[in-house]
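Look at TrEMBL and you will find 138-160, 166-188, 208-229, 235-253, 262-279, 285-302, 333-350, 356-376, 388-408 tagged as transmembrane segment.
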Amino acid sequence: MASFWLVSPSPTFLKPSFSLSRTLSAGASSSSSSSYNPVTITSSSSNAPNTNPYPNASLLLLGPFSQRRRRWSPSCVKFDLRRRAHVSRSSSSASTGAEKDDDEAAAKVSVEGSTWIDLYLPRQARPYAKLARLDKPIGTWLFAWPCMWSITLAATPGVHLPDIKMLTLFAFGALFVRGAACTINDLLDRDIDAMVERTKSRPLASGVLTPFQGLCFLGFQLLLGLGLLLQLNNYSRVLGAAWLLLIFTYPLMKRLTYWPQAYLGLMMNWGGLLGWAAVKGTIDPAIMLPLYISGVFWTLVYDTIYAHQDKEDDVKVGVKSTALRFGDSTKKWITGFGIMCITSLALAGYNAEIGWAYYASLGVASGHLAWQIWTADLSSPLDCNRKFVSNKWFGAIIFIGILLGRLLP
């Protein structure tokens, strides 16, 4: 391929120190020239119009393998420098644009991955809010629903609504107790959490908070819970104190048994007993025992699905769960748990002489449980978490059914 150089003929700028071996004249044959030989084309003195925008210039074609020396012209140098400067600016602009796009994409991902805690709370408060799982309210819902069920079930049949004060107290109580339970769990499991992909970024496992800071925060949460517990009757206070035993010992169960989800069910649904006692001052075993058992079986369903997220890490770390215990038979087991949950709820409603609307809600709740179990992809952590979170709607369906069953006997 030939290289082309535009050169000015002015003697000031170009005085070739060599003579060309071949020259194209008006009568020479163009086929005799080689693409590897330098050729000079000079303008003709004919009357034909000159289409060259530079009439005083000549075009020097030098073969790329020519060994002859030539002198660079300033105009050529200036053109080359301008070209290089333009390419440099273009490359720099493209590089800057790419870096800007990367920064914007990273910022977008960061914002999308952020929670309201990262966006609105002061930096010093964020680790404590995450330690209490304030950015994941599903745990609070699962603590609160059994309390709401029993308080509403304890209401007088007819036009009387459940005790709004009790519903409010137990809503805040579920928030505080759930936060304290998470703090206790993270204090005891911080070494294990650091080895599990899903939990290694928790404040205590990652080292953002020290164990001493976690203990201080736990004391603060327990004081808040105590302030609510003192609003209740003495019978409820005793039940509340007994609840702490379950909360403090639950994190140890995964080291001892393949059934920590059953123990979690005892802990999560203890608030149901507490809610009835706060309204009635005592416990009615015929109603509350089936209601409590139904909550335990419900927990076995949703937390077994949830445990499938970590089953590979659990094997490496050496902790136990029903997900590992059941393995490929998980759906058969949780189907049985779901049937026992609905049956116990029906028995509790029957003993409480509740209205027909409650049983209609049980039909809807049964469909929701069946959907969870049949469609759960136990090999997908994302789908397991999605099914787990959907249980807030199961709790809401039962609550609405109890409310309507009391208002419409």
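Placement of Cβ uses the backbone N, Cα and C atoms for every residue, glycine included.
TrEMBL: automatically predicted annotations, no manual curation.
Ranked by Cβ pairs under 8 Å to the transmembrane segment (285-302), the stretches 138-160, 166-188, 235-253 are led by 138-160.
Looking at which of 138-160, 166-188, 208-229, 235-253, 356-376 has the most CB pairs under 8 Å to the transmembrane segment (262-279), the answer is the stretch 138-160.
A Cβ distance under 8 Å defines the sequence-distant neighbours of the transmembrane segment (208-229), meaning residues of its chain 6+ beyond its ends; these are 127-128, 131-132, 169, 172-173, 176-177, 179-180, 183-184, 186-187, 190, 236-237, 240. Residues 138, 141-142, 144-146, 148-149, 152-153, 155-162, 298, 302-303, 305-306, 345, 349, 354-362, 364-365, 368-369, 372 of the same chain lie 6+ residues outside the transmembrane segment (388-408) yet bring a C-beta within less than 8 angstroms of a C-beta in it.
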